[in-house]
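*Asks:* Here it is: the structure, laid out below.
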Amino acid sequence: MRTLVFHGERTTWISPVSLKELLELKAKYPKAPLVVGNTSKWSYGSLLTIYCLNNFVLGLTVGSACSLSLVKDTLTSTVSEIPEEKTKVFCALLQQLKTMGGQQIRNVASLGGNIIKQHTTSDLNPILAVSNSILNLASLGGTRQISLNEHFSSGFGKAILKPEEILVSISIRYSKTGEFISAFRQAQRRENALSIVNAGMRLILDPGTDIITDFGIFYGNVASTTVCAKKSCQALIGRCWNEQMLEEACKLLLEEVSIPGSAPGGKVEYKRTLIVSFFFKFYLEVLQGLKLMYPHRYCDTTEKCKSMPDDFHTKIPQSSQIYQAVDPEQLSQDPVGRPLMHLAGIKHATGEAIYCDDIRAVKEELFLAVVTSSRPHAKIISIDLSDALKLPGVVDVITVQDIPGTNEFCCINEPESVFANHKVICVGQIVCAVVADTDVHAKRAALKVKITYEALEPVILTIEEAIKNNSFYDPERKLEQGNVDEAFETVDQILEGEIHIGGQEHFYMETQSVLVVPKGEDNEMDVYVSSQHPTFTQELVASVLNVPSSRIMCHVKRVGGGFGGKVTKPAILAAVTAVAANKTGRVVRCILDRGDDMLITGGRHPFLGKYRVGFMNDGRIIALDVRYYSNGGCTPDESIVTALLRMDNAYMIPNLRCWGKVCKTNLPSNTAFRGFGFPQSALVTESWITDVAIKTGLSPEKIREINMYKNGNQTHYKQELDPNNLVKCWNECMEKSSYYIRKTAVDKFNKQNYWKKKGIAIIPLKYSIGFDAMFLNQAAALVHIYMDGSVLVTHGGVELGQGIHTKIMQVASRELKIPTSFIHICETSTVTVPNTRPTAASIGTDINGMAVKNACQTLLKRLQPIMDKNPEGTWKDWVTEAFHQSISLSATGFFRGYDTNMNWDKGEGRPFEYFVYGAACSEVEIDCLTGDHKLFNIETKNNPDNSVIEGAFVQGLGLYTMEELKYSPEGVLYTRGPDQYKIPAVCDIPKQFSVSLLSSSQNPNAIYSSKAVGEPALFLGCSVFFAIKDAVAAARQERGITGIFTFHSPSTAERIRMACVDQFTKMV
């Protein structure tokens, strides 16, 4: 083996082959970081010495460069081979390793790197410290050892290593007989998430007694590094392990481990609660151990320990999907109604699917990096580009002055800008852009652009601040039916309340991406973009370049997820990139990284719902007055309209008044997101339904049944509906989920357990499909038949991963009466299908399927005479003959759109073509001491097909229980990227996930009786939210706290824990 040396532009990488060589290099370059997996710096290179694992008399020595996966596997093997009494430290480490990072991260991250960096969030350092593990260090000057216990006990901020030293190995000792060691952690997500608080605890009692002789506690993520509760532990030496000690220990810990209000990540009260909750868990674990060791002496501990929450473990989820069988008389080649694989499913799985950034680079291609505002509301005084232009590889900096056309555009009724001009109105607004020969050079230069600002007032970030400053967009929307004020005079009870619903990041797999190719003549440009709305992108690019739309050819092969976030936002990035391509005359590529994407694009609107409900003691809702406040960000959209139209969900409220205001704030503009306002407004509805149940003493499901839509009812905007499928979905979900049996079991469980509780909830769904204007529901298609019989279908819908091309192929196959193998769908393009509408609102297949059907019927009508003359011929024979007869083998198809309308002045109309119905039942268990929860069983019943039901449900699960957007007081998004922003993972999937479809559910208003599935099922994720709330209510009731309580969304571990009020929450 020989030493490898790589020279980069600014960095030299050296890979030594021996420990001696490494020590020499470290002496020569003491500030040079050492790397193994590069998940973080300060790990160690490829050397046999630091990769070894060895047993020694007192324990196990682990090489510092050993991967966490190797450590985990070795500890697992060791635990199975030696006496249990020796393995307690190893078991505690394994407990943390199982949830630490993901498998890929554990495969490359090293144990030494995790220790040396001294990250406060390290899950391993507290347990290594409390178990008195030893670090073995080396340098050219010799070797030395450090006790992690002593290191972290001595105070904050000290580096473990001297600059010239390396960590060679870690010695982890065996545990002793009678020694208790445990590890604890709580995170936003159970796996692959940094801890909110973690801890390692160790206790030794005097043999045969409960007197403490040695005690140690270390906490992580409560300060800048791992913290030792040294004074508290010393004060408890000699005390008996009993309830009097417990109360005093909690007070001592809270006094010693103080968390400042400005602590990173916030959550101060929750962290302080976890400090004592973890200790109480350890207290119960020790009692449980003593009970096993001395059953007669500790016989009274059984009840205390029986309710101790166990850690939730991830198991492989089980699922079932029930389909309706295809009519046996249907032709075998007819694919409609059959559960086909996604056309590109295998390509997605293997990585062969081509996305925007996979398009091969061409010679002299440039890369663009945007420069965004760092202020939420300010006047731009100057922009200094000089330092950026001096850097290597930089070609130009693009500003608003480079736009040949117009900088402004209008989506709703407020003008927006491509580039910020004169002032900025949010952090993340694009001010200018750098183009360079590489992506790295462009991003490096973007950081060198200096913008001078003058602060403007006010800075408004939250809904409450907008209400205080009367900062709203016009118009205020309102819908009303009945006489609300008079109805309130007739009811038995009135309740008032409010609920916040947090925002949500789209977190699509593929970030915003665009590639612009100037054609070199006639101002033509090809724009390859990840967009749900290629026509809008085409129009905006044409506008900024001051050319006709016919010169801009927009292409979308596929999009790596959209969820509404790629309707209008990609057009702005495409416009910026097009200006750069126009100015330089070269191909320009712009791919946002995850952090910039989250900073710039906005997401789902945070909501505040304030309600006043009038009802009778028998559960009938008589009157409702509700106000919705939506945080629109720096520009408005139409989400509030959808929120008002769909706020009723499944319920008929005879006297209803709902108002909607969009708050004008200094955040990036929030935008469309799966459900488009409905998941927020309907959650408000289900919240007051739950409150009414508490006030009347009836069950929530009874209140829902009493007020559910019935035959003859109309919606609050006077559209007729048939609720029979709603009732069927509800009843079948009740039956298939065995709801009442499970509810009885939940009640029994809760009576037997104090520190863990279960909850169950069943939620109905009525979701209206389509846009509320006819022109938005139109679609077109173009179908070509080639002489070899193959067929090329193009249409206006975009493949977002939802399978629209697969469904469109089924349509073409049925109409042309040919196998799907004859049909190909290439891309969505403004060249083949102009004036497309966005692939949104769950109607992509409905409307584009109609257009393709129309085109195919036109072609088949032309071919029919030839087929009649030669019934024994093949498809290719008929096509060839048609060509010889000069019959056109191309046809356009068009669907005019659904006849929808809405008159907001009258508050009535028929804004939707049809309704989708469903229901979901969820059961959860919560840990009352930490706020963690585990989702057990999900049963959903729907009347659409289930191709995306599971995905939508899980995205709703994230919205209502986990995903949080956090901003600084200056409007800077803290939660940028997967480190801080957590979406559901495998560990959050229900243990049992059953999806079934309502049989014989017809829909004459859509293609082949299809029903939209993209958006509706997301709302059913709130059944988990209400199951959690049910479990929290059970915990509160046992603690003597009854009645209505405010429970905001998302129901994070913090909110769950703090709502389970007990002696520990009262301590903080």
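Quick reminder: no glycine exception, Cβ is built from N, Cα and C everywhere.
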*Asks:* Need one residue: from ASP123, ASP206, the one TrEMBL lists with SER110, LEU111, GLY112, GLY113, ASN114, LEU167, ARG185 for FAD.
*Replies:* ASP123
*Asks:* List, in sequence order, those recorded positions among LEU111, GLY112, GLY113, ASN114, GLU1015 whose Cα sits within 10 Å of the Cα of ARG674 (Mo-molybdopterin binding site).
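*Replies:* For ARG674 (Mo-molybdopterin binding site), the recorded positions whose Cα atoms are within 10 Å come to GLU1015.
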*Asks:* Could you give the Cα-Cα distance between GLU1015 (active site, proton acceptor) and PHE563 (Mo-molybdopterin binding site), in whole Å?
*Replies:* 9
*Asks:* Mind telling me which of the binding-site residues SER110, ASN114, GLN532 has the densest Cβ neighbourhood, counting other Cβ atoms within 10 Å?
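*Replies:* Answer by Cβ density within 10 Å: SER110.
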*Asks:* Given the model, what does the mean pLDDT over the domain 'FAD-binding PCMH-type' (6-177) come out as?
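*Replies:* Here the mean pLDDT over the domain 'FAD-binding PCMH-type' (6-177) amounts to 86.
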*Asks:* With GLY113 (FAD binding site) as the reference Cα, tell me which of the binding-site residues GLN532, PHE563, PHE676, ALA841 is the closest one.
*Replies:* PHE563
*Asks:* For the recorded Mo-molybdopterin site, whose residues are GLN532, PHE563, ARG674, ALA841, find every other residue on that chain with a C-beta no more than 8 angstroms from the centre of their C-beta atoms, and list them by sequence position.
*Replies:* GLY562, GLY564, GLY565, VAL567, ALA672, PHE673, PHE676, LEU800, THR839, ALA840, SER842, GLY1014, GLU1015
*Asks:* Nearest to LEU167 (FAD binding site) in three-dimensional space, by Cα, is which of the binding-site residues GLN532, PHE563, PHE676, ALA841?
*Replies:* PHE563
*Asks:* According to DSSP, which of helix, strand or coil covers LEU167 (FAD binding site)?
*Replies:* strand
*Asks:* GLY112 (FAD binding site) to PHE563 (Mo-molybdopterin binding site): how many Å between their Cα atoms?
*Replies:* 41
*Asks:* Between the Cα atoms of ASP123 (FAD binding site) and PHE676 (substrate binding site), what distance do you get, rounded to the nearest Å?
*Replies:* 39
*Asks:* Around GLY113 (FAD binding site), how many other CB atoms lie within 10 A of its CB?
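*Replies:* Taking every protein chain into account, the count is 27.
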